[in-house]
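Visitor: Below are the features I grabbed from TrEMBL:
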| type | residues | note |
| --- | --- | --- |
| DOMAIN | 20-451 | domain 'Major facilitator superfamily (MFS) profile' |
| TRANSMEM | 21-45 | transmembrane segment |
| TRANSMEM | 61-81 | transmembrane segment |
| TRANSMEM | 88-106 | transmembrane segment |
| TRANSMEM | 112-139 | transmembrane segment |
| TRANSMEM | 146-165 | transmembrane segment |
| TRANSMEM | 177-196 | transmembrane segment |
| REGION | 207-236 | region 'Disordered' |
| COMPBIAS | 211-222 | compositional bias 'Basic and acidic residues' |
| TRANSMEM | 266-287 | transmembrane segment |
| TRANSMEM | 299-319 | transmembrane segment |
| TRANSMEM | 331-351 | transmembrane segment |
| TRANSMEM | 357-379 | transmembrane segment |
| TRANSMEM | 391-410 | transmembrane segment |
| TRANSMEM | 422-445 | transmembrane segment |
| REGION | 465-490 | region 'Disordered' |
| COMPBIAS | 465-481 | compositional bias 'Polar residues' |
Amino acid sequence: MSQREAAGRGTAKPQDQGWAWMVLLAAVVLQGLTLGFPCCIGVFFTDLQHEFQASNSQTSWFPSIMVAVLHGGGPLCSILVKRFGCRFAVMLGGLLSGLGMVSSSFCKSISQLYLTAGLITGLGSCFSFQAGVTALGYYFVRWQTLANAVASTGVSLGFTLWPLLSQFLLDEMGWRNTFLIFGGILLNCCVCGAIMRPIQLASGSLSQSAKPEEEPESRAEEAQLSNGASPYHPTLQKHTRRTKCFQMLQKYLAFDIFCQNKGYQIYTVGVTWMMMGFALPHVYLVPYAIHNGVEERKAALLISVIGFINIFIRPLTGLLSGHRVFTGRRIYLFSLAVLLCGLSNFICVISAEFSVLILYCVILSIAMSGVGALTFQVLMDVVDMDRFSSALGLFTILESITLLIGPPLTGLLVDITSDFHYVFYNSSFFLISAALFMGLSFCALEKKSKLREASKACLDNPSRYQYSETSTEPKAESQSPPAVEYITSI
């Protein structure tokens, strides 16, 4: 047996068994530490306002930057994973997250928090979370769907535990000491990264996947050299740089898919618009409750209620949407969930009593579970899997922009009007309009496709519509994990 064959057999062994389940446990903890963490920032909203004498708009920039960087740093994380591996990216993310929160405890102004807790902690959380999900793709092949579903429960656990811990520490120690402790807690991402031992099979798949991308560049260089051009000629060097830049954009930001695939175009625009209002309740619900006389401990409990219900509803929603009855119709389920999110906000406008807010959290959590479970499944429906990674890059960057500007703009409106009800009016407007836009647009696109199929009824092989104007024939599943994959969660 050759050394290469022995290595191949040895590296295939950890997949779907043994140490892979420890990696899954580490991924659950990672998602709780990273994606679950921003939900607790609302607990500190009032204290930070008083400490720095900041307005609602100024204070809301801090969690907005954190969430936007967490979602929008996918392409940078993907490059880091390809260059250094998942373990390094996760551990680097843990160091950045811990450093950001420790530095935040010494901040003297709200603008310093934008850099420390917003940018540094957000970027670290992005590296840890997305590289951890990529590691699951290497360790699980047969049980990959189950592994991702189990790992996503970490988000719900984070939503449940972080607000309760935040309120307890805030009451006992103040926000500065609490942020210092949070820095130590987030350093546990490094422990999770250490568990994610590299698999040689992953690096092999990476090198193989890189070959086709290098071919256009090498062919261009060969053509220039065959015409007598020097490899150091300025024209050739400029052409090579342009080619590399185009390849990077093509790989991580799928502008070609956005221009050609109507389904992807509609869905990306709809979700980007939706994010203007989706995060508003998470940022302003606790301040709104405190402003209306709810005790601080009870106000922090509201976010925990949302997370607790998510633990049970999100997996059920995923199983329901996976039924064959909903095949090809998941976009309508997603639109319905977004619509329910928007309509639920009117409950807060009616009354701010604690019992009413609990009812609001229950309904919102059910709707959010549908949004979280279906966001990336619908994206897989509208885009071919061989381009999913690059399509996801553009998708997450665009949604991160609206996640960044949504809460501060709403905070500015609250500062001008001194009325927290505008938070929920704004959220409802963006969510309801996005739901109607996506649902009606896909319905029109489906009718257009059916008319096109009817006009081609004489052909023996009519194509089947799957929200895309490009061919979407099923492809054989690869037994090797994806070369580079980064996934976010809502």
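Even glycines carry a Cβ here, placed using N, Cα and C.
TrEMBL entries are annotated by machine, without manual review.
Map the listed features onto the structure and describe their local environment.
Guide: Mean per-residue pLDDT, taken over the domain 'Major facilitator superfamily (MFS) profile' (20-451), amounts to 83.
Sequence-distant contacts of the transmembrane segment (21-45) (same chain, six or more residues past either end, CB-CB distance under 8 Å): 59-60, 62-63, 66-67, 70, 90, 93, 97, 121, 125-126, 128-129, 132-133, 135-136, 139-140, 147, 150-159, 161-163, 165-167, 170, 175, 178, 182, 185-186, 188-189, 191-193, 195-196, 282-287, 299-300, 303, 306-307, 489.
Outside the transmembrane segment (112-139), and at least 6 residues removed from its termini, the chain residues within Cβ reach (under 8 Å) are 14-16, 19-20, 23-24, 26-27, 30-31, 33-35, 37, 48, 61-74, 76-78, 80-81, 86-87, 89-90, 92-101, 103-104, 147-148, 151, 179, 186, 189, 192-193, 196, 199, 201-202, 481-482, 484-488.
Listed by sequence, the residues of this chain that lie at least six past the ends of the transmembrane segment (146-165) yet keep a Cβ under 8 A from its Cβ atoms are 20, 24, 27-37, 39-40, 42-43, 132-133, 136, 139-140, 286, 300-304, 306-308, 310-311, 314-315, 318, 372, 487, 489.
Long-range contacts of the transmembrane segment (299-319) within the same chain: residues 36, 39-40, 42-43, 149, 152-153, 155-164, 166-167, 282, 285-286, 289-290, 357-358, 361-362, 364-366, 368-370, 372-374, 377, each at least 6 residues beyond the stretch ends and with a Cβ under 8 Å from a Cβ of the stretch.
The list of residues near the transmembrane segment (331-351) in space but at least 6 beyond its ends in sequence, with Cβ under 8 angstroms from a Cβ of it, reads 267, 274, 277-278, 281, 285, 288, 321, 357, 359-360, 363-364, 366-371, 374-375, 378, 381-382, 421, 424-425, 427-432, 434-436, 438-439, 442, 467.
Within the chain carrying the transmembrane segment (357-379), a Cβ under 8 angstroms from the stretch's Cβ atoms is held by residues 152, 155, 264, 267, 271, 278, 281, 285, 289, 294, 302-303, 305-307, 309-310, 313-318, 321, 330-331, 333-334, 336-338, 340-341, 344-345, 347-348, 388, 391-392, 395, 487-490, all 6 or more beyond its ends.
Listed as Cβ neighbours of the transmembrane segment (391-410) (distance under 8 Å, sequence separation of 6 or more from its ends, same chain) are residues 57-58, 60-61, 63-65, 67-72, 74-75, 78, 252-255, 257-258, 264, 268, 271-273, 275-280, 283-284, 376, 379, 383, 422-423, 426-427, 430, 486-488.
Sequence-distant contacts of the transmembrane segment (422-445) (same chain, at least 6 residues past either end, Cβ-Cβ under 8 Å): 262-263, 266-267, 269-271, 273-274, 276-278, 280-281, 284, 288, 331-332, 334-336, 338-339, 341-343, 345-346, 348-349, 406, 410, 413-414, 467.
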